[in-house]
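What Swiss-Prot lists as substrate binding site is Arg67, Ser68, Gly69, Asn80, Leu84, Ile85, Asp86, Met94.
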Amino acid sequence: MNIELKLLNKEIIKEVPEYGTEGSAAVDLRACLSEAEFLSPGECKLIGTGIAINIANPNYAAMILPRSGLGHKKGLVLGNGTGLIDSDYQGELMVSCFNRSQEVIEIEPMMRFAQLVVVPVVQAKFDIVEEFSQRTIRSAGGFGHTGV
């Protein structure tokens, strides 16, 4: 699958997103900053990546995810949990960064700070009904219904 990638900041050409290994599911995104940004404990900031993508196929979307090591070791996670990039969005990829630690986190220019994965999407057609056509064993059992 080919996705068009637009460089919005010429500095990013030095570090164009690419897969790290043959088995990598995601590409790293870099912080397109002219100087370091500092996140205080509990603070959330939007950081640009300097790139835009054109997926152009409604059967796919992209998801921005945190980098495992940064979340676990430093406390840098996404402020919105997951960033969903629709196939028709063509603006700059922005990352909502949240500091869940008790220490100030420094985000350096061109630092790998999030990752992007392309995923298949199915657009469902919703049929409005009075009752479902079949009842499942779980039915309306909600959070923790299966034991957790």
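Using the three backbone atoms N, Cα and C, a Cβ is placed for every residue, glycine included.
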Indicate the candidate from Leu84, Ile85, Met94 with the smallest number of other Cβ atoms within 10 Å of its Cβ, considering only these binding-site residues.
Leu84
At its widest, how many Å does the recorded substrate site span between Cα atoms of Arg67, Ser68, Gly69, Asn80, Leu84, Ile85, Asp86, Met94?
26
Cβ packing number for Asn80 (substrate binding site), 10 Å threshold:
13
